[in-house]
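S.K.: To start, I am sharing the structure in question, which I have written as structure tokens.
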Amino acid sequence: MELVDKHIIHMDQDAFFVSVEILKDSSLAGKPVIIGGMSDRGVVASCSYEARKFGIHSAMPSRMARQLCPHAVFVKGSMEDYSKKSNEITQLLQEKVPVIEKASIDEHYIDMTGMDKFFGCMKFAQELRKSVLNEIGLPISFGLSINKTVSKMVTNECKPNGEKEVAKLNVQPFLNPLSIKKIPGLGNATFIKLSEMGVRKIHTLTQIPHDLMFKILGQNGLSLWQKANGIDNSPVIPYREQKSIGKQTTFDSDSMDISGMKIILTDMITKLAFELRQKQRLTACITVTIRYANFETVTQQAKIPYTSLDTVLILKAKELFDKLYSKRMLLRLVGVKLSHLVCGYEQVGLYGPSEKIYNLYQSMDKMRSRYGVDAIKLATVLPSKLRH
Ligand SMILES: [Mg+2]
């Protein structure tokens, strides 16, 4: 089978959180702005390009950021505002393109394959970029190339306020001189391992036989080798087809123990939220389902600001449950589903008012991945006889 050349656009907002804040307060423009961590114990969720020049980056303790740049402006940040703008951008793009994937709160992939016969892809992408700039008012960059990985790397090279096309013949010349650090998905440990072998540039990585990469780094090694060689067959997954995660519990005997059910709901969400953070995902939609003893099934759904935190999700789920449970009838099942998933993690820093809470989540998650998801529970989830 002959492979069709693909045309994939990767669009990425520039310093998204900061740009939304500038839209609200233009006096922030051009300043080193830090989002999150207002208190000394906080963490940086995001920062402006001006702040990055001082070595500040997300997940850095605010105390350190303040030392690096004492005149930086700290802004509390609002996931609600960012989610709202994010949805506006998705909607605007969705109206104009055939296949679009929302990859994170501020990133989209667009598959233009097939359309290229009717439009020049570059011209089309430029017009999309202009419309986000003019209609939403937020700066955006894009890369256009043959697959998702290369397009994303092109965007990363031309941000901020950039646009660039790398055609098929130019892919390898574009990739070769870049540091292997620029390959999406190449973590710090892998970088150190490869550096010690003398592999620092992508070109050097392409020279390694792929079975040797497999021997050294397993499946991940193979995938990195492919990316270094400009190979990525992953499809652009339309927004509406993106997966959700969920759980449900059927009771041994039909029950009317409402507080018991809320504990089960809390427990399910704790596990799902952990799964989200493990996969570095955020959700923007929560659905609660209950089934009465007579099999009547009812569902409530709510759009929420992007999150992966149990506390936020549990509160909303209980609210939905209370709305749902209107008949004084026995229940046989309760379920919860998280959908509209996108990539993201550092936003945790926006919710946790302190570095302590941020670190608490990180160490709880470490315990869970080592000892299993049940290793740590909120006190409210423990069976009552275990509570004092
Ligand atoms: Mg971005």
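Each Cβ is built from the backbone N, Cα and C atoms, and glycine gets one as well.
Here's the feature list from TrEMBL:
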DOMAIN    8-187  domain 'UmuC'
BINDING   Asp12, Asp106  Mg(2+) binding site
SITE      Phe17  site 'Substrate discrimination'
ACT_SITE  Glu107  active site
S.K.: So if I take the recorded positions (Asp12, Phe17, Asp106) and measure from each Cβ to the nearest atom of ligand 1, which come out below 6 Å?
M.R.: Asp12, Asp106
S.K.: Are there any residues in the same chain, six or more apart in sequence, whose C-beta is under 8 angstroms from the C-beta of Asp12 (Mg(2+) binding site), and if so which?
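M.R.: Asp12 (Mg(2+) binding site) has long-range Cβ partners Asp106, Glu107, Ile140, Ser141, Phe142, Lys152, Thr155, Asn156, Lys159.
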S.K.: Could you list the residues of the same chain, at least six apart in sequence, whose Cβ is under 8 A from the Cβ of Phe17 (site 'Substrate discrimination')?
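M.R.: Residues satisfying the criterion: Ile35, Ala45, Ser46, Gly77, Tyr82.
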S.K.: Counting other Cβ atoms within 10 Å of each residue's Cβ, which of the recorded positions Asp106, Glu107 comes out lowest?
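M.R.: Relative to the other recorded positions in Asp106, Glu107, Glu107 has the fewest Cβ atoms within 10 Å.
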S.K.: Mean pLDDT across the domain 'UmuC' (8-187), rounded to an integer, is what?
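M.R.: Looking only at the domain 'UmuC' (8-187), pLDDT averages out to 93.
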S.K.: For Asp106 (Mg(2+) binding site), name the DSSP secondary structure in the helix/strand/coil scheme.
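M.R.: The three-state answer is coil.
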